[in-house]
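Report on the following structure.
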Amino acid sequence: MEFIKAIAEHINYVASVALFVIGLYTVLTHSNLLKKVIGINIMETSIFLFFVSIGYVHDGSAPIINLGGGRVLYINPLPSALILTGIVVAVSITAYSLSLIIKLYEEYGTMDIDEIMKLRGEGKNG
Amino acid sequence: MDDIIVKTITRLIVPFIQVYGIFVILHGHISPGGGFSGGAVLGSSMILFTLSFGLPMASRKIPHKVTSILETSGILWYIIIGLAGIYLGGKFLVNKEAGFFMGQAGELISAGIIPLLTLGIGIKVASTMITLFHTIIEED
Amino acid sequence: MKKGLFIVVLAGLFVLLVSSILKMPSLGSVDNPSYNETATYYLENSVEEAHAPNVIAAIITDYRAFDTLGETTVLFTSIAAVISVLSINHQDKKKGGDING
């Protein structure tokens, strides 16, 4: 009973861990390079969820200051501001890896990493 | 894609998306949003245009040269604003101590360098998204 | 066979991470150690010091503007890398075609 209560109190963190493991599973088991990129994106999303959940406060409103007065409880603005950097880096990594995949596809005619390794091995031996 | 419905809807909806993106960029300091989200909205409007009208038409609308100039000028604008802070007698990228126009909090023209920097970031993010998409789908 | 091994290892990782996450302060409490004097300072002083009601805009373009300059540099670097990767190989291909032809 206590365990279920603890899970319910940390439900966002548990969800982010689950997303992280799903992304890692996708990266490890699929040999298609595009699916690996999708897995990396899922892992990045889990980290964003974890960070933004740290800043959440019950009954807190978004950090836009109410100029009319009246003291309101706001959420923590710092994780939200920091995660903007993470989103930009995620977009950059995705774009760069997609361009590398395009070049690999033009060179070998396949996006499967196992077949690419086989082709490379044949090229070396022959 | 030669679909009359997609083309007509795109032609109708793209100006509204762009106006919304500009609104989000300009009101970055008084409402939710800012340079990154507004720039993403602006860039995705051009991506929608490219998807429905094809790359040749889109690159006639906004050529590679223009986007690369916009990108470089976005980052240079940011650095020039920072150097203006030094020129006015403060540190790099300082806001209030350098004596920029602060105005009344909550109005559109206020908050010193924040709207200027947000404008630079918005232009930069929008042109980056357009250039990335056009470069990746380009085939020859 | 290989997939079963991966599933077992990742289930172990999941249990490990969840058991360490359950020791964290609970979600959404004001006593969370991350809600410290830095966040409170930004919330209390951003209107007075930056004249911007949006605290996140005040943080990323006033208090930590140099950080955002680095962020835009990341975007610039990524686009330079993408364009160079997608264009240099084209020239190599053309050269190879010339040799073959």
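Cβ from N, Cα, C; glycine included.
Unlike curated entries, TrEMBL annotations are predicted automatically.
If you check TrEMBL, you get these features:
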DOMAIN    B:5-130  domain 'Na+/H+ antiporter MnhB subunit-related protein'
TRANSMEM  B:12-30  transmembrane segment
TRANSMEM  B:36-55  transmembrane segment
TRANSMEM  B:75-93  transmembrane segment
Positions on the same chain near the transmembrane segment (B:12-30), where near means CB under 8 A and six or more residues out: 37-39, 41-42, 44-45, 48-49, 106-108, 110-111, 114-115, 118-119, 122, 126
Residues of the domain 'Na+/H+ antiporter MnhB subunit-related protein' (B:5-130) by DSSP state, where helix covers H, G and I: 89 helix, 0 strand, 37 coil
Average pLDDT across the domain 'Na+/H+ antiporter MnhB subunit-related protein' (B:5-130), rounded to a whole number: 86
